[in-house]
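Structure first, commentary second.
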């Protein structure tokens with residue numbers, strides 16, 4: 001008899017739990033994966049929102065309101081995009097693994113040992129939870145440069161310095177934290193993340209500055 005969808009989901013979850021217990025000592029458990037995903041989501045939100053604010057500021061340096069509203073719009077849009085993408089991804093991954101499990105059982109073969117922690121642990125019957133986690137991590141990262149600029153009263157150059165400094169410090173912390181979760185040295189990883197974020201912000205700022213210079 002073919003396995004029902006509920007039985008298949010239960011089996012996938014049980015196998016994921018066994019794999020988690022086997023790999024937890026090596027830093028590859030589900031908890032570590034969730035934390036690393038949260039760090040990546042926060043870094044994504046931080047870089048994209050800071051770059052967006054700097055870009056709008058380069059085009060309209062005298063309009064502080066436009067800069068803040070662009071950051072807020074980036075936070076909301078990015079969080080929604082992350083949530084929807086994670087929700088769809090989780091369902092697709094789960095459907096693929098459940099279909100593979102059922103095909104193996106119909107052929108009378110053994111169930112695969114370790115179907116994938118992402119779909120099994122994070123998505124079985126809880127795609128909404130995975131979507132919410134992605135949205136919240138993105139929003140948390142995006143809120144940092146937005147709040148930094150919000151509470152700064154001064155010239156545009158001052159806001160730029162504050163946003164870049166806040167983003168750099170936070171990126172260094174996120175990069176180091178992600179490396180530590182994988183039991184790797186955090187210093188070099190943090191530096192790489194900071195350099196990447198600064199390049200993204202500089203590119204956005206430069207392009208928008210070019211458009212403003214040419215009167216576009």
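The backbone N, Cα and C atoms fix where each Cβ goes, and this holds for glycine too.
Taking the topological domains listed in Swiss-Prot, residue 35 lies across the membrane from residue 212.
Mean pLDDT for the topological domain 'Vacuolar' (212-216) in the predicted structure: 68. For the transmembrane segment (135-155), the partner stretch with the highest count of Cβ pairs under 8 angstroms, out of 37-57, 66-86, 191-211, is 37-57.
Packing against the topological domain 'Vacuolar' (58-65) from elsewhere in the chain are residues 149, 156, 159, 204-206, 208-209, 211-212: each is 6 or more residues past its ends and has a CB under 8 Å from a CB in it. Within the chain, the transmembrane segment (37-57) has long-range Cβ neighbours (under 8 A, six or more residues past its boundaries) at 66-68, 70-71, 74-75, 78-79, 82, 133-134, 137-146, 149, 156, 159-160, 163-164, 166-167, 170-171, 174-175, 177-178, 181, 193, 196-197, 200-201, 203-205, 207-208.
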